[in-house]
Amino acid sequence: MTSSTGSGPTRISILGKDDIIVDHGIWLDFVTHDLLQNIPSSTYVLITDTNLHDTYVPAFQEVFERAAGQDARLLTYTIPPGEYSKGRETKAEIEDWMLSHQCTRDTVIIALGGGVIGDMIGYVAATFMRGVRFVQVPTTLLAMVDSSIGGKTAIDTPMGKNLVGAFWQPRRIYIDLAFLETLPVREFINGMAEVIKTAAIWNETEFTALEDNAPAILEAIRSKPTGTGARLAPIRDILKRIVLGSAGVKAEVVSADEREGGLRNLLNFGHSIGHAYEAILTPQVLHGECVAIGMVREAELARFLGVLPPGAVARLTKCIASYELPTSLHDKRIVKLTAGKECPVDVLLQKMGVDKKNDGRKKKVVLLSAIGKTYEPKATVVEDRAIRIVLSPSVRVTPGVPKGLNVSVTPPGSKSISNRALVLAAMGEGTTRIKGLLHSDDTHYMLTAIAQLQGATYTWEEAGEVLVVKGRGGKLLASNEPLYLGNAGTASRFLTSVVALCSPTDTTTSTVLTGNARMKVRPIGPLVDALRSNGVAVKYLEKENSLPVQVDAVSGFAGGVIELAATISSQYVSSILMAAPYARQPVVLKLVGGKPISQFYIDMTIAMMASFGVKVERDAEDPNTYHIPQGSYKNPEEYVVESDASSATYPLAVAAITGTTCTIPNIGRTSLQGDARFAVDVLRPMGCTVEQTDTSTTVTGPPVGALKAIPHVDMEPMTDAFLTASVLAAVASGTTQITGIANQRVKECNRIKAMKDELAKFGVHCSELEDGIEVTGKPYKELANPEPIYCYDDHRVAMSFSVLSVLAPHKVLILERECTAKTWPGWWDILSQKFNVHLEGEEDPTKKCTAKSSRPSTDRSIFIVGMRGAGKSTAGRWMSDILKRPLIDLDVELEKREKATIPEIIRSERGWEGFRKAELELLEDMIKNNSKGHVFSCGGGLVETEAARKLLISYQKNGGSVLLVHRDTDQVVEYLMRDKTRPAYSENIREVYYRRKPWFEEVSNFQYHSPHHNGSEEAPEDFSRFLSVISGSSTHFEDVLAKKHSFFVSLTVPNVAKALDIIPKVVVGSDAVELRVDLLESLNPEFVATQVALLRSAAKIPIVYTIRTISQGGKFPDDDYKRALELYQIGLRTGVEYLDLEMTMPEDVLQTVTETKGFTHIIASHHDPENKLSWKNGGWIPFYNKALQYGDVIKLVGMAREVSDNFDLTNFKMRMLEAHKKPIIALNMGTAGKLSRVLNGFLTPVSHPALPSKAAPGQLSAAEIRQALSLVGELEPKSFYLFGKPISSSRSPALHNGLFAQTGLPHQYSLFETDVAADVKDIIRSADFGGASVTIPLKLDIIPLLDEVSDAATAIGAVNTVIPVSPEGSDKTILRGDNTDWMGMVFSLRQAGIAPRTKTNPGAGMVVGSGGTTRAAVYALHDLGYSPIHIVARSPDRVKAIADSFPEDYNIQTLSTPEEVKAATDALPTVVISSIPADKPIDQSMREVLVASLRHPAKSEKEPRVLLEMAYTPRHTPLMQLAEDAGWKTIPGLEVLAAQGWYQFQLWTGVTPLYADARAAVMGDSE
């Protein structure tokens, strides 16, 4: 009950007292004087959060102190905002603070804030000194209408929200509506959920007002705030009505049931499920947002239980959505806010089990029976099975329908008629009442779109069963915002013509129509062609012939003759027909291209147009021509939408397949819908009894299993019903052929293929026909137990298979249960209620299987652009080799097709213009027909043609890759000055480059700046890594996630070029290197791109690309957002692996970067160098939430004052990781924060002693962190060994122990001399075993002691390295044998200038000897591409045995005599590996062969000839001398020893040390 004292505030009575006071502007003077006069105390404690303090507290203090004088004191305390603060820790902090300020029992606490403040401070008041007085001053809409009223106070616990608390009534609730002026939009909308809830349970009139006022409220709250409070002035009265209405209802309920005996539970509508969602999704999703989703789910639950009409559910959902609140977890905002976090049904039910309303284990939920009315005056007990069905994404159908069942089912309104009725009513003049309208996603999108175009206003009557539309006679206005149409194909096609009728506004001259991913591939081309031909400008914004499209607002198309291809969709025809009366002259619509599809739907449109006052004439001579007069629609007083005949096929089919009876009471012979013939044309021939009147249809199925196949049925008049017919045919005797349904391939999915694939899961054979499907039935008892049925997000697929499931011999799991909402949201309810089918809700099992294997990659073709001479052909060749894709040089391909060279084409009469035209046509052909699996190198001048630029831009905007290859401009110019093979430029080369440069950048989405001076045959390592990023094949992120400790080193140099000598040393032990762009000496885009290229080449590890602003501890200007975005885009274009994105950047920057990131991983960061935030409370939560939305990695960096701050950080991080698995880098800067760096674990930023400065205070090196980890027990020391005999003089301990020390690892490497493998069995299985090197004589003997052996070691037949590995997800350690000898050989040869051989550059190799090392040498030469591989040895038998043990493609040959050498002139070796002992003379016959081979003249002076000596002693062997005398380069054996040990270290530790350090340790004093 409310009362008002004249001009004063309005008061609401609660528990017999007028303690709720509502008005604008009461916070300062009124509250102060009311407190001092009516709630006197010596101490008032005002508690608020840090967001509100500065805005509202100082002014209140001033007024209060002036009014109170010396009689009372006012203390203030602030806490961090957000749900995170609402816990035991914060409550204790407040209580301790109050005690320290001598607060006693007369204290009055003022809770200023939203729900968190009110709930928790109320609980403080309830328990402090066994209870003190408090007042609520709610500042959010949600708190004003809900949480501040009723005395429920509480804190959250890990088990759930509000589980510890007390009933403690406030002495006053001061609701100052002026607080809403500064309330953020999202918070305001959050509060509207509680307002809607109250109206939904209590007052339909108020609910209707909420529906009507949604546009005005949203417009007001989205307007810019001003100091005068004008933002909400237009809705001031509406706001007061909303707050008084909701607060009044709550006060009334609380007064009747203060302690929640039953009635007060009604206020929990939406909360049973909403709180469960909130427990999982907090703090990313707000309370009201969770309640909004909860209300929809609980309304669906009431509908499933049969107590709430479908129309009421639709109306509630529409109202919630109209306030931009989410209605499901699939809402794109919720997905973004929570990073797609799952809400498992079992967890939701567990959370629902901890609810104060419950009766023991029985769950209680508030059920609606109508809008404004609940099913019971309390929460109702609902079984878990029903709740599980509503919450689950999938449903398991148990077969079986009661015998003799006879039911009547009224399907929802026809989607086809509903959408047409909405379009006609919106364009009509006057008011019409539409009854039986389909409540579905499609009609929801249509209604929303019509409202956006301001074409009509609408309201609901009769509990949502009647839609009242007031049309404006076709006066539509273009929309600023795109019309989002989901997957609603009907709406998209109808509205494409309708928006052409729009008039332009001051702010826009066109309207964009868009939809979801599937909608963006569905065809709309013929309709657009027809509109374009009639003067309407329509532009495709993405894929040609599909949405999104931009349609100019031309106030109606020209009219006259319009030709339209109608063989794909009749909706194109209906779209033009309905808009035609508003054309500028009468329309003659000619359908061309063959027989129109679905003529029945065209006839339906014409009949409905007549109902709205426009009569279409069909041409007497040409039945495919229609004459539409000018005019305007006149809305009939009432229009009744008959049930959807396509949907009616499902209940009728259930009757048919189960031998029961079903009646559809409102579809009969006179129906406008073609699908109404389904019962007569399909079910009757299949053996059903069909009775049909003008307005009803009744079907009785034959005995179970007695359905008959139909040899052939043309379903062109009812194409949507073919899916229902197909599932019946699956259990019919014989083969059914269905034709006339070609259009079903371009519906929500390719339905013909979908039916074929899903029926195959039941063991039913189907064949696709050109325009249909053939189904061979089988006895229903023989149907297979199917895999889960995938529905392709297609409502008709889901409902069809639900029909088959009621007869299948096994339970059937149908995925994507909710897709039926498109046309029949309550289908599963009907199946359960009417047909008594047992349903069970289930999770989607396929998600668990595919989650890990879903790393994205792309097989889209890559187009390479750039100046002539920039290296496109070279890069294309590299790319082709790496990706194993064909390379097509478009210039070469053009010459092939034209049968003339490019200069010849240009010199001909065709000239440059003809050449460019041919070039463009070739590009179009390649994009259209070879868009996958190719690499294309484009001509340098291709970008001169605007049409070519548009093609490339469109290609990369739609997921393709266009790569700009560039190198130093001076190098390119010099090359082109020398190149005489191409047409000469008619202008200065440099001018050409600078003219084309912006075009190259415009058409490309990636760029590779080559730091290399020549185009080598082999792709350099930096290019391979760049390509792995842009193609999505890089596994670096997954690799570092799997490591317990990973690091990136922060590079603090102003110019990478000047630090190239130290970079290899600096990056040792790190997994990535950070380029601090803000510290570079120039931010010129080309300079920055070059820095990336140089760093990638020098560091050989992934790059973290960072721009750190001044306020976050860097050097980049805080507000230079435009430049920041340009620099971010350079990072993305250059394919960096990681990009650090500051969360303080504006939304448009964050959005642009994340939408164009490709395969780069975003590190969403926030730094707090001024120590404003605390890990202990919720201060970091807003930044974590934002980072969760935008980042693949979250990076939060605070400042530590004392060591204990690191423990608070660890607790925070653990809490966040429990809720979301997204990796977190969380650190404290400063000396006291070093411990946080030690314990961080994932990608810890580190420094290096060789760097000029540290990137942040307190930063450590990777080696220092490893040392610290060892000290605190986080990194256990491991023992490594060398096994073999003799080994006493081995250099391996010096190598490995030296590297352990350099990298900070606490491990020890020692010798274990033995020639018996069994001696090491216990060692390699000990807990502290880290790995082992194995030498003679154990390389073969150790294999049986291992769990697995690498492919290389298997081929070589020897193991020289043992590595303990733990498979992912397993605690068990397995021992893997590998061989690094061959790796060492390859590395040493590569270092000496040997390049891998290719098919275009073949070469022979040679191995000397036939001992154990020979096999590794053969393997190494094969890896380098050498063929043939000659072996020179004493024993031909041993050589043959070696050759036989390798595959034939190794091409191993024996050289036994100098004559054989002479005969092999064309295949003599350029690489020789010697594996014979060096301390004995070389066998004479072998020596002769070697002399002949080594002294043979070199083919080319440029090509190096190298001999690799595997013997260690003496360091310079006779064979080396022999080779050197013949002009060969030689490599001593110690080089290979160092290299193979270097590889061993990497395999054991995951750390790549400098090779120079490994080499120095091995060489010792020998150099």
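The backbone N, Cα and C atoms fix where each Cβ goes, and this holds for glycine too.
Residues annotated as region '3-dehydroquinate synthase' in Swiss-Prot: 1-384.
The annotation NAD(+) binding site is assigned in Swiss-Prot to 49-51, 83-86, 114-116, Asp119, 139-140, Lys161, 179-182, Asn190. Sequence-distant neighbours of Glu83 (NAD(+) binding site): residues of the same chain at least 6 apart with a C-beta under 8 Å from its C-beta are Val116, Asp156, Lys161, Thr282, Pro283, His287, Gly1178.
Sequence-distant contacts of His271 (Zn(2+) binding site), defined as residues of its own chain at least six apart whose C-beta falls under 8 angstroms from its C-beta, comprise Val291, Gly294, Val366. Residues annotated as 7-phospho-2-dehydro-3-deoxy-D-arabino-heptonate binding site in Swiss-Prot, with sequence analysis given as evidence: Arg130, Asp146, Lys152, Asn162, 194-197, Lys250, 264-268, His271, His287, Lys356.
The Zn(2+) binding site annotation in Swiss-Prot covers Glu194, His271, His287 and is backed by sequence analysis.
When pLDDT values are averaged over the region 'EPSP synthase' (397-837), the model yields 93. Summarising the annotation, Swiss-Prot assigns region 'EPSP synthase' to 397-837.
According to Swiss-Prot, the feature active site, for EPSP synthase activity maps to Cys819, an assignment based on sequence analysis. Neighbours of Cys819 (active site, for EPSP synthase activity), defined as other CB atoms within 10 A of its CB across all chains, total 22.
Annotation source Swiss-Prot lists region 'Shikimate kinase' at 859-1050.
In the structure as shown, the Cβ atom of Gly869 (ATP binding site) sits within 10 Å of 21 other Cβ atoms. What Swiss-Prot records for Gly866, Met867, Arg868, Gly869, Ala870, Gly871, Lys872, Ser873 is ATP binding site.
Note: Lys1195 (active site, schiff-base intermediate with substrate) has non-local neighbours Asp1140, Ile1163, Ala1164, Ser1165, His1166, Ala1187, Ile1224, Ile1225, Ala1226, i.e. same-chain residues 6+ apart with C-beta under 8 A of its own C-beta. Sequence annotations record features per position, and here Swiss-Prot assigns active site, schiff-base intermediate with substrate to Lys1195.
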Where Met867 (ATP binding site) falls in three-state DSSP terms: coil
Cβ atoms near Lys872 (ATP binding site) (within 10 Å, other residues, all chains): 26
DSSP state at Thr140 (NAD(+) binding site), helix/strand/coil: coil
Leu180 (NAD(+) binding site) CB neighbourhood, other CB atoms within 10 A: 25
Other same-chain residues whose Cβ falls within 8 Å of the Cβ centroid of Glu194, His271, His287, the recorded Zn(2+) site, in sequence order: Leu142, Asp146, Ser147, Ala193, Lys197, Gly270, Gly274, His275, Gly288, Cys290, Val291, Gly294
Alpha-carbon distance [Arg130 (7-phospho-2-dehydro-3-deoxy-D-arabino-heptonate binding site); Cys819 (active site, for EPSP synthase activity)] in Å: 54
Binding-site residues clustered about Leu267 (7-phospho-2-dehydro-3-deoxy-D-arabino-heptonate binding site) [Cα within 10 Å; pool: Glu194, Gly866, Arg868, Lys872]: Glu194
Candidate nearest Lys872 (ATP binding site) in space, where candidates are the binding-site residues Asp49, Lys86, Asn190, Glu194, Arg264 and distance is Cα-Cα: Asn190
Alpha-carbon spacing, Ala870 (ATP binding site) to Asp49 (NAD(+) binding site), which is rounded to whole Å: 59
Chain-internal residues, separated by at least six, CB under 8 A from Thr140 (NAD(+) binding site): Gly113, Gly114, Gly115, Phe179, Leu183, Glu187, Phe188, Asn190, Gly191
Residues that sit under 8 angstroms from Arg264 (7-phospho-2-dehydro-3-deoxy-D-arabino-heptonate binding site) by C-beta distance, when 6+ apart in the chain: Gly150, Val253, Val254, Ala256, Asp257, Glu258
Which of Ile196, Met867, the listed binding-site residues, has fewest other Cβ atoms within 10 Å: Met867
